[in-house]
Amino acid sequence: MSGNNLSGNDEFDEQLRMQELYGGDPKEGDTQNEPSGEAHSLGQPPDDTPYEWDLDKKAWFPKITEDFIATYQANYGFSSDGASSSTANVQDANTKAVEEPPQKEVPETPDSKRKGEKRKAESGWFHVEEDRNTNVYVSGLPPDITVDEFIQLMSKFGIIMRDPQTEEFKVKLYKDDQGNLKGDGLCCYLKKESVELALKLLDEDEIRGYKLHVEVAKFQLKGEYDASKKKKKCKDYKKKLSLQQKQLDWRPERRAGPNRLRHERVVILKNMFHPMDFEDDPLVLNEIREDLRVECSKFGQIRKLLLFDRHPDGVASVSFREPEEADHCIQTLDGRWFGGRQITAQAWDGTTDYQVEETSREREERLRGWEAFLNAPEASRGLRRMDSIAGSERPGPSRMRHFSEHPSMSNMKAQEATTGMAFEETIDENKFEKAEEGGESEGDASEKDAKEGGSDGDHPEREGGEGCSKKENEEGCPERALEPEEGNPQTEAQENGPEREARKKSKMDYEKNGFSKESEDNDLGKESEGEDSLKKESEDDDSEEESEEDSSEKQSQDGSDKEIEENGVKKDVDQDVSDKEFPEDVEKESEENETDKSEFDEGSERVLDEEGSEREFEEDSDEKEEEGDDDEEEVVYERVFDDDSDDIEEEEEADEKECEDADDKEEDNDIDEKLFDDSDEKEDEEDTDGKKDDDASDKVFEDNSNEKLFDEEEGPNEKLFDDSDERGTVGNVKEDGSQSTDSSFALSSSDDDDDEV
């Protein structure tokens, strides 16, 4: 079987080779010569591969023979020991077959032998491609030209390449054997476009009378070339080439001189504030930022401004555009005072982070406060909002932050800034003292007839107090605003009806005499009364206090209410009048609770009616005085309500009339003094003192009325009457029209504060 198989294979192989050589179809042998004698094997066509039937898989598969394995291995370049027999058989078949034509052998190249190895460049002269040639040859140069001058000339047309090893420009000026310049040179550009630009612009140009000629450089071998002298390439050559490519970027050239670092543009300001300052009023942070921006903008353009509100050192940073601007800011602000603190200014070191993160406890407290605010009722929330607004608008040390102008006076500025609240309190006290002095000077003349018309002025004043109390939450009453500052809580004096009447009668006398200024009693509104003025005068003058005590004893014995004023002047008051005034006061208080703001305009008529009822119960001597007072009061009330619409000329005419009434009133005062002398002989000395005081006060009031009061009355009265119209109170109008020169200063400043609120 083995012999048959070998003979069959040899014949099959021979047929295949003959088919390849001659292109003919090999003859297929008989089916008997097939290697397998199985019944299921079928004869195949001569040009096809023989197949055999697989009984297990029930399919035809190519018949695997030695020839099939040999052809398979020959196609895939695989050789094994098992294929040696097939190769031997092939050689035997070649001897039998027709000789094939000889094939030309391809000589093996060194590339095929050295696959994967880098080809070494042959040592010899180099040739530069035209597309990559960026060298320019310039001839006709002046013999005295220098390398720097040549570089400056050639750099006008492009970027000159630098040597990657020496970092010098690739330019060369040729010299002869003796070292003298020949007048030609070479320049190597970075880009090909620079060569074309130099050929167009520099060719045929003249320098110092020498005509230049420019052309593309051509390199030729002259003599013998020694390859051993060629420079070796540096390992970092590629890195330096990449650095040269950066010269083509659109980057501005660096300025000459030392380059300053970026963090030198930032200024750090310390001790600007304290973190606790922002807990009560967080809006202070915006105020400090705005003040700092305004101050630092004087030194240059500000790029960024930050306040590190949680930093314990009170740090703020200001970033300028240029370092020079930051230097100017540091030089100016270092050591200056801001908000009562001496600040320090320095440049940022570039590493310190001044941002302080919020701790978990602080975050919980902040969220707890916010939750309490959200859960609070809307009414209390609105009150808090109004309180915060009012507190933010009130002048205080937190609102007085500013930079000191003179650093040399830093100590004085520090004391002033730290005692800002004390300055405000002293200002208020000075206002109070001025108003008090003004009230004492006016009291000598105005309070002589304090008893007369006391009940007449009671209603308007109390009505004005009610109007002020109603509007206290909305607009704020200026009289109440002055109470805590001046420290005059006088609730006991309000309960005394006769004393209140005496005070209001004195106000009526001020209007009659034409003294349209505010006294200390009017500054304090409804709370300043005759009893307090009695206490103040007792501290100034002991003799007046004794006279007041005697008069008070006399009132208790006789059963009549006699008012004792600041000058010690006493008035004749009947017991019947005083007995009737007390029930009238009770009736007035009940009427005040029922009246609204709309009834303030009718206060003058109601007061006149009450005066008429009082005159019925008075004696004949008092009736004359009351009648004169009624006429004068009518003129005063008409003037008070007409001043808002009258011009300045009408006010001056009214003032002249009041001056005449003041002269008449002085005569009445003399009559009252005489009556008082007849009724009581023990008080002659006090009467003489009262007359002296009256004469001195008359002179003072005459001078003030002729020179100062009428000139100053126009501006303040108009403002005060406007305020009275807005509030709708009669008492306030009367007080505004009867203030003194000293107290008008205090009230004018307080009115300004109220307007701001």
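These residue numbers are counts, starting from 1, taken along the chain as shown.
Each residue, glycine too, has its Cβ placed from N, Cα and C.
What you are looking at is a predicted structure, and each value in this text was computed from that prediction instead of being measured.
Taken from Swiss-Prot as is:
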COMPBIAS  80-94  compositional bias 'Polar residues'
COMPBIAS  97-123  compositional bias 'Basic and acidic residues'
DOMAIN    134-219  domain 'RRM 1'
DOMAIN    265-350  domain 'RRM 2'
MOD_RES   Ser388  phosphoserine
COMPBIAS  407-417  compositional bias 'Polar residues'
MOD_RES   Ser408  phosphoserine
MOD_RES   Ser410  phosphoserine
CROSSLNK  Lys431  SUMO2 cross-link
MOD_RES   Ser441  phosphoserine
COMPBIAS  445-483  compositional bias 'Basic and acidic residues'
COMPBIAS  497-538  compositional bias 'Basic and acidic residues'
MOD_RES   Ser519  phosphoserine
COMPBIAS  552-585  compositional bias 'Basic and acidic residues'
MOD_RES   Ser556  phosphoserine
MOD_RES   Ser560  phosphoserine
MOD_RES   Ser578  phosphoserine
COMPBIAS  595-609  compositional bias 'Basic and acidic residues'
MOD_RES   Ser604  phosphoserine
MOD_RES   Ser621  phosphoserine
MOD_RES   Ser645  phosphoserine
MOD_RES   Ser679  phosphoserine
COMPBIAS  689-709  compositional bias 'Basic and acidic residues'
COMPBIAS  716-737  compositional bias 'Basic and acidic residues'
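Helix, strand and coil counts under DSSP for the domain 'RRM 2' (265-350) come to 29 helix, 26 strand, 31 coil. Across the domain 'RRM 1' (134-219), DSSP assigns 18 helix, 30 strand, 38 coil.
Computed over the domain 'RRM 1' (134-219), the whole-number mean pLDDT of the model equals 90.
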